[in-house]
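Per TrEMBL, the feature transmembrane segment maps to 21-45, 51-79, 91-112, 118-136, 148-171, 177-201, 213-232, 238-260, 294-314, 326-346, 358-376, 382-402.
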Amino acid sequence: MSNFSWRRPFASAYFRSAGSYLGLKLVIFSLAGLASQFLLTRYLVKEDYGLIIWVATIIGLLSPFGLPGISTSITGAVAKGYDGNFRRGTWYEIIGSTFGGAVLLGISGYYYFWHNDLLRGGIFAVAGVLGPGLWLDTQQCYWNGKKNFKAIFWWSVPVRLVQLVATAIVLQVSPNLVVVFGVQTLIQVVANLAASFGIMLSGQANRELSSEYLSFGSYSTVLYFIGTFSVYFDKLVIGSYSGVKALAAFAVGELLYTYFYKTPSGILTQIFLPRQAEMPLQDAARWTQQRQKYLIAGMACICMLLAFVVPVVYPLFFTEKYSDSVFYAELFILCVFLGSPTFLSGTLIRAHALKKQATVVWLINTLSPLLFVPLFGKLMGVTGIILARGTSNFVLSIYYFYMINCCKKQKKVLH
C-alpha cells in the first residue's frame, strides 16, 4: 500500500491517468446531457417531456432483465485477471435483455390495442425491438477492470456527442417523440453491442473465471430484481397520481442530482474500484476512509455554489415553463450533499464482493423509499418526496461510515 499524503490525497500516476480521462468525460457528459435536456425542454411541450421521463421510468423498472448484478461483479473480477467473467456476463446480459425487450413489446401492445395510444405504443415498441442491447454495459466494466480509462473515454464521449447532434437534428426536422427516442436509443444500443463483441472477438480477453465473482454477480442480480421498484418508486408515485406534467417538473429539478451525484458517482466508481480490488480489505478500507473526507468537503463547496447559482440560471436555461423546478433543484442539492459520503464506500463492496454489506445496503435502498416517500409525500407532496430521497441518502451515509470502520478491522481473501 502506498504512503498517504494529507496534502495530496489523490496524488499518483494512476489518479492522474484516471482523473484526466474520466474527469474530462464527466465534464463532457454533463455539458452534453444538459444540452440535450435544454433541447428537449425547449422543443417539446411539458406533457411530452414528462412522457419521455415516464417511459424511461418503466424501462428502468425492467432493467433487472439486463442482469445488472453481473456488471457489478465484472470490474472486480477483471481487475484480478478473470476476463472470462466478462465473456460469460456479456452473453447472460444479452439473453436477459432480450426477455426484457419482449416485456416492453407486451407493454406496447397494451397501449396500442387496449388504449389506442399510438404514441406510447410506438415508443415502447422501439424499446422492445432494441431490447438485446438496451441495458448492456459489460464493455465499460471490462475496460474499467483493466484500468483502460482511455478506451472508456474514446468510446463513451463520441457516443454521447453523436446522440446530442442526432437529437438536435431530429427536433429541428420534426419533434416526434417516437423518432427522438428511437434515434437516441438506437445509437446507444449499437454502440453497446459493437464494443462488447469487439472486445470478445479481438482476443484480448482471456477465459479465466472466478467462481466467487460469478456467485457475487448472481447474488447482486437477485437484489437488483427485488430492489429496483424502490429506486423508481418516487417517479412512479408522481407520474401515477400527479401526472406527466408534475413528473416533468420533478425531472428538471432532478437534473442537478443526476449530473452532480449519479454521474460523478459512476465516474468515481470507475476510478477507485480497480484500485480497491488490488488491496487487501483492511488496507482498502483505510485507504478509502483517508480520502473520503476530502470528497465530502469538495462536494460541500460545490453544493453551496450551486445553491447560489440555480435561482439565476434555471429560469434562463429552462424558461418560465419550468419555474416550479427551481425549488425542487435546491432540494436536490441538499440530497447531493447528504449522499456524498457514499461515493467511495459503495465501490469497496463491489471490489471485494462483500455479500453481507451488499445486503444491508440493499435493505436501506429498498426499504427507506417505501417508508419515507409515502410518509413525506402525503405531508408535503412532491417536496416531501424529494426530502424522502435526502433522508434515504443520509441513512445510507451513516451506514457506510460504520461499514468502513468495521472493514478496517477484518481481513478477506478471494479464491
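Heads up, the Cβ atoms here are built off N, Cα and C, so glycines get one too.
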Quick one: do the transmembrane segment (118-136) and the transmembrane segment (51-79) have at least 3 Cβ pairs under 8 Å, skipping pairs fewer than 6 apart in sequence?
yes
Need a quick answer: max count of Cβ pairs under 8 Å to the transmembrane segment (326-346), which of 148-171, 238-260, 358-376 is it?
238-260
Between the transmembrane segment (358-376) and the transmembrane segment (294-314), are there at least three Cβ pairs closer than 8 Å, leaving out pairs fewer than 6 positions apart?
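They are not in contact.
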Which residues of the chain, 6 or more past the ends of the transmembrane segment (382-402), have a CB below 8 A from one of its CBs?
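Result: 234, 237-238, 242, 246, 249-250, 253, 257, 327-328, 331-332, 334-335, 338-342, 345-346, 360-361, 364-365, 368-369, 372-373, 375-376.
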